[in-house]
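According to TrEMBL, the protein carries these features:
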| type | residues | note |
| --- | --- | --- |
| DOMAIN | 268-421 | domain 'GAIN-B' |
| DOMAIN | 427-716 | domain 'G-protein coupled receptors family 2 profile 2' |
| TRANSMEM | 430-448 | transmembrane segment |
| DOMAIN | 441-684 | domain 'G-protein coupled receptors family 1 profile' |
| TRANSMEM | 460-482 | transmembrane segment |
| TRANSMEM | 517-541 | transmembrane segment |
| TRANSMEM | 561-585 | transmembrane segment |
| TRANSMEM | 620-644 | transmembrane segment |
| TRANSMEM | 665-686 | transmembrane segment |
| TRANSMEM | 692-714 | transmembrane segment |
Amino acid sequence: MPSVHWQRVLIGIACCAATLTLWSLCIWQLTIRFHKETTGPVEPTCFCLNGGVCQDGACVCPSEWVGSFCEIVNFCEASTYTANISENVIKNLTFEWIIVGKYGNSEEKCEPYTVNGNTSIAIRLCSREGRTPMLEPPKILNCNENLDSLALQVETADSSSVSAIASNTQILTSMPNKLTTQNISAAANIAVKILRKPNISEDSHASVAAVATVSQLLDASEIEFKHNNLVNVTASLTKTMEEFSLTGNITQTNVAVQSVPLKLGSSTILFLAQTDTTLGYFQSTKLEIHENVPGLSSELSNEVQILLNIIRSSNNGRAGFVLYQNDKLFQSRIYKSHNNFSKQIVSGNIDGGRTSGVEMAFNPKYNTSKFQLRDHACVFWDYAINDWSTTGCTKGRDQFLRCTCNHTTNFAVLMAFQTKYKYAKPLECISYIGVGLSIAGLVITILFQIFTRKTRKSSVTWVLVSLCFSMLIFNIIFISGIENQNARNHSSNTSEYFQQYSTSNTLLTSDVVDPPADSWCMVVAVLLHYFLLATFMWTALNSAQLYLLLLRAMKPLPGHFIVTMSIIGWGIPAVVVAITLGATYREGKALNYRQEEFCWLAALDQNQNFSTKKPMLWSFLLPVAVILLFNITIFIKIIVSVLWKENKNLTRNKKDSFLKKMTGTISIIVVLGITWTIGYLMLISHEEASLVFSYVFCIFNATQGLQICILYTFRSPIFKKKVSKTLPVFGVSEIPFYLHSETYHVSKSQPAKHSHGTFRSFEISSENISLSTLSAISNC
């Protein structure tokens, strides 16, 4: 058998072996995927009214509604009230609707010339009596007093003036979102001085207003509390609240103070805050204190519990408790919070007795469908360092987060969460199948282009082979390494979860825990980033080459064209990847660069929303958008000036001419990667539309390599000719194989033998270029 015949046989065998190997890899990956997938727990559904959202089987209601189905009104309607503003001045005060437990501001303002010019002149509380919201009489502001002037007066104020100062302070802090650091400092100092007044708990009006002021401060912006000049102020305030808890019993939205007298034979005192099961939401007034209980309660409705073990008590002893609904008064320099989960702080204090220790149990509420609790630390606020400390505290875990400490100060549980990651499984299947087809097509195309390179210009072969090679490497890495090993091994098994949970009570530094480091996933993400950018860069170079060959045929190609294209095609993507890594990657912070669900560029923030600060936008989407815009511009120029331009030299019938034009158009769309523009439509926030575009995007682009193979290899007359000669070797010579091939001249004045290969030898104007030129480029 002639050697050339064996060469064809070896080519066929090599193509088949490569295709079978790569297809086996695809099937193996899919088999592993389906084998390891387990059916997760079915989340119960719920029916929510009035804008409620079903989360973890329960309705999460907007602030205006409560109840199991968000069916109970939780606000007071808009109202008016006629009040004496000052002597001989009566005004009708108008209030918008007010959330239960909150104060609403009047629309009427202080006169501009007063100290509190343009400040609401009154506030009104919306409270609840049973299921019915009700409005209390408004409190009137003295328009000639502000927080600074009140702070100067409170020190020397007598008991008759304290109530007015407390009321004015409460009104001036009733809009927490507008409070500055200076306002918070002044209001906190006023509250401290009021609560330290002798027998202040007997003045219910002043003490309630002071505690209400503290509650309103806890609604102020978190940023305002981060200033160093507030450290001493907040420490003084929390110490004062502990002292006041021995005599006061006041409950506000964000803070509750409870006290109880100690009996001579008391051994334990249990303070707990419960979820109100009748209304289906946490109500801060649902507080209970029990004496001589054997231990902490096991009821899951208890959100916070603190148990004081008493060694000795006297007849006149007292126990006091303070519950804060967030930690804004306890700004840590060590523990950094990135999520908005509330962190309840509870303290227990005893006067006239001693304790042998304190036990606590916390039942934190967070979105279990998005986050998984990975660790917690039992801490107390150490006033010596003005920060959290774990000294003398141990932790435990069952259905509650449990703590045991030998202190009776402000306690908290610091928590660390890990985001739960999910996959779009239907898209995975489409991607794997499409990529498998693309790999086979790309291998065939590369081999065909290399073995038939003598029939065309070297630049044409080099650009297409480089494009196919970068796409091939990307696809191989995609199917073999796109999945993160951490996500693959993730399990919701309870026993495995508790094995991962640390038993050491170590002070945490953040409420966010990154998954275990996966260096292999990082390498895969970098390679995918590089080769996909290289693929797009080579599509742009292909556009440039088509422009030079088709639209500037009279001018020669630039010098060192292949070298220049190689530097651009492989070098620019490397620079982009290097800059991205340098700007985002840090030791232990790999997720600044890549995602966790799979090994690709990071795109979403902590709330799973697309972030403009992540590298997906500025290191991939924007560069690709520029390339696609360039490719689309060249594409339009080619179809207008070449493909669909009327050519009198075309002798085919009208129907065949139209099919030829459509095939040429599709060929350019595929090789220039224009279908990738669909990916930008996936960014649409509408869920159904985004899903449709996701499927279309995967189907078209996962099979891009196969499309290139069909349009640039299988349709080639050379490929058809070689296949017709190779098939008889495999014993299928009896199969009829009809080949149809036509050669068009670039110019009538040139012989047919020049229609393939060297296009620069034709000294013609762009007006003489016809569809045959593009056909020659794509079929050679």
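Glycine too: its Cβ is placed from the backbone N, Cα and C atoms.
Of the candidate ranges 517-541, 561-585, 620-644, 692-714, 517-541 has the most C-beta pairs within less than 8 angstroms of the transmembrane segment (460-482). Contact between the transmembrane segment (692-714) and the transmembrane segment (430-448) is present: at least three CB pairs lie under 8 Å, with pairs separated by 6 or more positions in sequence. Summarised as a single figure, the pLDDT of the domain 'G-protein coupled receptors family 1 profile' (441-684) averages 78.
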